[in-house]
Amino acid sequence: MSPTQRTVGAILVTRGEAPLTQSVMRAIEEQTVAPHSLTIVDVAGRHVTPFPADRVPEGAELVRVGRARNLGDAIRRARAQGAPFASQQWWWILHDDCAPEPRCLSELTRVAAISKTVGAVGVKQLSWDGSRLLELGIFATASARRLECVGEGDIDQGQYDGTSDVLGAGTVGLLLRADAYEAVGGFDPALGPFGDGLDMGRRLHLAGYRVVVAPRARVRHARASLYPDIHIDTAAVPSDPESAADGSFRRRRYAQLYNWCKAVPALLLPLLALWLLVWTPARALGRILTGRVSLALPEFGALLSLIGAAPRLLLGRARAAKSRVVPRSSLRSLETAPSSLRAKPAGADEDDRGERIDPLACSSMRRYRIRCASTGLSLLAATCLIALLQWWGASGGLVGGAWAYLPPTWIELWSAAWSAWIPGGDGYAGGADPLTILMALLSAPVVPLGVTPGALATFLLLASGPIAAMAAWIPSRTLTSSLPARFLLSLAWSLGPALMMSATHGVLAGTLAHCALPIFAAHCLRSPGPLLVAGASGVTPAPLRPRAINAGCASLALLVLACCAPWTLPVGAAVLAWSSRRRLVVALPAAVLLAPTYVSILVRPASWVALASTAGGVHAYTRAPSWLAILGMPAAPSSLQEGIALGGVGAAVAVLATIALVQRRSRAVFAAYCRALIAAALGWAGSHVAVGLHGTYIASAWTSPALSLSFGLLLALSSNLTLTRFARAEATGQPLAWDASRPLVLRACATLAAVTLVGAGSAAAASAIAARADASSTPTYTLSQRETVSPISSPIISAVAAQAQRSQRAGRVLVLDGDPTTGTVNAALWRGTGVSLTDSSPATRARSLAQARAGAASGSLSDPATASLAQAAYTLVVYPDDTTVATLAAHGVDTILVPLGASGAQALAAGLDRAAGLEKVGETNSGTVWRVRPEGVAPSLVRVESPSGVSSPVGSSQLRVDGEVNASGTLILAERASSGWRASVDGVELSAVKAADGWSQAFDMPTAGHLSVTYSPWWTIPWRIGAGICLVVATASALSRRKR
């Protein structure tokens, strides 16, 4: 039959009387080189009509093997029955849905003769009608992910005929060498009908054989296994091949996972198994979010099948290792790099309908992408230079304004974010400040890099300008495709007065809200318009439309907005519901995450004012006049230079928006203009709402998010000014392509606007530098009382106090200010290095203000803990006694600080020097420090008082106690009493009792043992689970990209 006299036995595996079996047998009879034998292997089960014996061609033999699991099982059973092919040198494997062309076997044997090391020869697979090219060998990564080198709809023009050695080949029409089959132990019994060809190819290579393809050996393949839900009778191509193949996805995914686990080195197999347990749910979630719900359950099904096949997997790995004669590294040249899977597909220059794009239009689109990237980099460079000028020398840390410190470790921040107890002062029941939760989430990715939460917060504030520019750059495509216009819009947004003032005042929430607003707004607006390109038929819209902001990105943006300004969630939800109620799901993650915040605000009328302000710290500032609010300024400028620079930007945008209103005269423009004025008016009105205390001053709401909204609406309106006029050729009135030449006047105006904006930003930056010029010579405590932030030059608390805070006693710092000679003493209880982000929430700040106002009116404080601390602090510096010092110790106070630069420092120090039970440490860079040591005992956050009055300290953290205690009596926590506290000794729950001081949490502790104390109301676990699920779904949706 060939010059080398090789014998070939054909193997036709059929499931009973399949629809196309007769076509296959006719194709075998028409071969120019006939096989030496033909074995029809019938794998019909009990419920399938067997292959009729009277239809067996002359010279062929029918072997019935029953219901075989797969191809390999069918061949093994047929050999066991003495099938004719078993004595042949080569086996030609055929399926019941394939038809080889007449010269197929001749080409296969010819290619097999090129080398003695050839172990298998694959064919070129075509569609059943021969119109489309399907496959020529298998190209896959080390993880068994296949690379489809053949483009969708490609016809066979010989473009791939140069292919020779491949990693594997499909079993359809495969010419397999019998001794090679024996050497590798046959097909893997755990694979089929998918993945067996790839596995066989890998093992043949590792056994020293070659796997090649014969490009001229053509086989038409109906691919019945790929479309199991379609009855194959005419072998017609499904109308939607992608959806039709969903029925086989579980088996295909299982084959890929099995091959991956079989090929991975043994040491990495356990790690891969753990990774698949995490990755499979994520993939299933991604299927749901990308609209392929039908593939979600098969993802889990494939993993379960793999787990069930674990014994066969281990046996298969052992067989493969036994037959291997060359190292695994020999496969690297044949395996596909993972990056190739992300390369441009063969149909990248086709539009959404699969039609070829005009080359001129394609080239224009490619140039637009390149210029878009270069313009974006220019924007980033310009804003980075302005930020560098504004914050030069401030990277070491900030103090003043509304700036609040973050815990030194991410673990502390994460614990505080998801706790139902606020570790500030004597503690408060309720959810954490929303900004605490947001910073815990943002800090998580950078923790492995050694970046602390405080460093990240400082970076976000300092880099708020570049971040805002980049956040506006992509959404600006919704408004216009003009790159100069997008540059100006993004630059103006990064220099918005609300953003610049929020940064200089240390309002991190205001800056982050400004950055997130364009992303959410772009999702709510219409989809970006098509790019106008110059093609062969003139100026036409680009065939591929730009991607819009997906729901996941919008959900995360709304989450950031809500964490920064709680009032934005109901407003954002209303905007989403205006277009479609289904879009309300975008607001679900933010609603679940901030549920404790809204509940704590709404249950007490005194806290309702908290909805008017931003999250994070509050500060007393000089409110801006009403006319400055129209310009987007939330506070009065700190200098004339800042007022001119920022006011000029806001005024220019307002004027351009007004001109656009007059020019366009449309209802939509008028509505947007009115909304901008309403947002500015509400922002100015909100700045008159008191939301907390800043020392002895009342802090008003910081309303920059409302002014950012107003500024953004005006900026969007100004972008329409004259763009319509200059977007058309004056002579013909036809639209111009994006890269067409624009009038010189327009280009000059754009350049002038860019220079003016950069100049305004530089002037504002210079003003900020001048405002903090004396920071290095000013006490840190004095800087903390200013309206704007300054770089910190020395710690605000002493090293002694910081050491006590980090100790197991978790000591607190009492900071005293005021003048006792005038009857004014201000006391603040710090658990960290100054006012911390974890110390309070919007609701607790509003309640503290309401209690202070009520106390000033009635002459007494209603909160026992606050009243106890205030009375003890005043008595300590006026009439000190032992009882007062013991009271402070009961509040967990370890050190007392009279800051350097505090008012009345001398009078305060004189009173403290007289107090028994205080040990003066001395003067430090932070101020004068005393230790609280009543009767020589160091205070502790948690203590056990015996019936005889002996106090035993218990080691703890700010939020949890877990350790051995060798004392019994009354367990007392220096925390406000609440029903959510739980304590147990050796697993036995302790009963709560009323503390003698009337405010702290106490338990009856009759025996010593392993003590555990937590604060865990019933709602914390469901809230954490719900928030976690919503965050994962939103993040996965944001990262998903639908195919266009």
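The backbone N, Cα and C atoms fix where each Cβ goes, and this holds for glycine too.
Of the listed segments 297-315, 411-429, TrEMBL assigns transmembrane segment to 297-315. Sequence-distant contacts of the transmembrane segment (643-662) (same chain, six or more residues past either end, CB-CB distance under 8 Å): 492, 495-497, 500-501, 628, 630-633, 637, 669-670, 673, 676, 711, 713-715, 717-718, 720-721, 756-757, 760-761, 763-764, 767.
Here the transmembrane segment (373-393) does not touch the transmembrane segment (554-577). Their Cβ atoms form fewer than 3 pairs under 8 Å, with each pair 6 or more residues apart. Scored by C-beta pairs under 8 angstroms, the transmembrane segment (455-475) has its highest count with 487-508, from the stretches 297-315, 487-508, 669-691, 744-770. Contacts between the transmembrane segment (297-315) and the transmembrane segment (487-508): absent, as fewer than 3 C-beta pairs lie under 8 angstroms at sequence separation of six or more. Sequence-distant contacts of the transmembrane segment (487-508) (same chain, six or more residues past either end, CB-CB distance under 8 Å): 375, 378-379, 382-383, 386, 390, 398, 400-404, 435, 457, 460-462, 464-466, 468-470, 472-473, 476, 479-480, 514-515, 518, 614, 616-617, 619, 621, 631-635, 637-638, 642, 646-647, 649-650, 653, 702, 704-705, 707-708, 711-712, 715, 719, 750, 753-754, 757-758, 760-761, 764, 768, 771, 787-789.
Non-local neighbours of the transmembrane segment (744-770) in the same chain are 382-383, 386-387, 389-392, 465, 484-485, 487-488, 491-492, 494-495, 500, 504, 638-639, 641-642, 644-646, 648-649, 652, 722, 726, 788; each lies 6+ residues outside the stretch with a CB under 8 Å from one of its CB atoms. Note on the transmembrane segment (669-691): residues 609-610, 612-613, 618, 623-624, 626, 629-630, 632, 634-635, 657-658, 660-661, 698-704, 706-707, 709-711, 713-714, 716-717, 720, 842, 845-846, 849 of its chain, located 6 or more positions outside it, place their CB under 8 angstroms from a CB of the stretch. Distant neighbours of the transmembrane segment (697-723): 402, 479-480, 482, 485, 489, 492-493, 496-499, 501-502, 505, 507, 509-510, 513-514, 517-518, 521, 561, 564-565, 567-568, 609, 612-614, 618-621, 623, 629-630, 632-635, 650, 653-654, 656-657, 659-661, 663-664, 669, 672-673, 675-677, 679-680, 682-684, 686-691, 746, 845, 849; these residues of the same chain sit at least 6 beyond its ends, with a Cβ under 8 Å from one of its Cβ atoms. Sequence-distant contacts of the transmembrane segment (584-603) (same chain, at least 6 residues past either end, Cβ-Cβ under 8 Å): 420, 430-434, 437, 523, 551, 554-556, 558-559, 561-563, 566, 569, 572-573, 576-577, 610-611, 841-844, 846, 1019, 1023, 1026-1027, 1030-1031, 1033-1034.
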